[in-house]
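Okay, handing you the structure first.
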Amino acid sequence: MTLGSQIATQLLDIKAVYLKPEDPFTWASGIKSPIYTDNRVTLSYPKTRDLIENGFVETIRAHFPEVEVIAGTATAGIPHGAIIADKMTLPFAYIRSKPKDHGAGNQIEGRVLKGQKMVIIEDLISTGGSVLDAAAAASLEGADVLGVVAIFTYELPKASQNFKEAGIKLITLSNYTELIAVAKLQGYITNDGLHLLKKFKEDQVNWQQ
């Protein structure tokens, strides 16, 4: 079993991911979605957490061997980023969604040197907007952002477009395609449910029709 399938299995087992194609969730954006993900839950399960953190380390070493600093997005990327930095004996920083409105007004907490090669950690990619904003903020502070590594992606076309336009490399440990395949194999969803989940990936507006 691939790392992506192993992680997908764990996400389903610990209920970090819920699939309800016949009774969809409503996202904050208003989109009706057959999937809901809360990867913060992974922190409460040592086996799952260890699988994910080791996967992050292996992936970063394979794709970004020149990395000099790990950064986590606030708040979901902070605990994972801190653990990864510890495992790799690298500096760690985190990036706020916006600068503080008091004190020094920092958006990046921690010390990042000019030109330092950075990998940003995120837990979930939907459209990628928030982590790309974080990458832009880090670049403005002088960091050399090598890329983003995340636990999971919905594989939405908008995310691919956004990362391409930003010129930022994205790698994820698991993805929507792997997860729904595992879900069908393990009996979490029916054939009809799988069909709806596949339609959602292609068209987030009209998938129920």
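In case you wondered, yes, glycine gets a Cβ from its N, Cα and C as well.
Sharing the feature lines straight out of Swiss-Prot:
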type    : residues                                                                                      : note
BINDING : Arg96, Lys100, His102, Glu122, Asp123, Leu124, Ile125, Ser126, Thr127, Gly128, Gly129, Ser130 : 5-phospho-alpha-D-ribose 1-diphosphate binding site
BINDING : Ser126                                                                                        : orotate binding site
Quick one, of the binding-site residues Ser126, Thr127, which Cβ has the fewest other Cβ within 10 Å?
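Thr127, out of the binding-site residues Ser126, Thr127, has the fewest neighbouring Cβ atoms within 10 Å.
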Hey, which of the binding-site residues Asp123, Ile125, Gly129 is the loneliest by Cβ count within 10 Å?
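Result for the binding-site residues Asp123, Ile125, Gly129: minimum number of other Cβ atoms within 10 Å at Gly129.
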Just to verify a number: CA distance, Ser126 (orotate binding site) to Arg96 (5-phospho-alpha-D-ribose 1-diphosphate binding site), in angstrom, no decimals.
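Between the alpha carbons of Ser126 (orotate binding site) and Arg96 (5-phospho-alpha-D-ribose 1-diphosphate binding site) there are 18 Å.
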As a test of the contact definition, list every same-chain residue at least 6 positions from Arg96 (5-phospho-alpha-D-ribose 1-diphosphate binding site) whose Cβ is closer than 8 Å to its Cβ.
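Correct list: Ala74, Asn106, Gln107, Ile108, Glu109.
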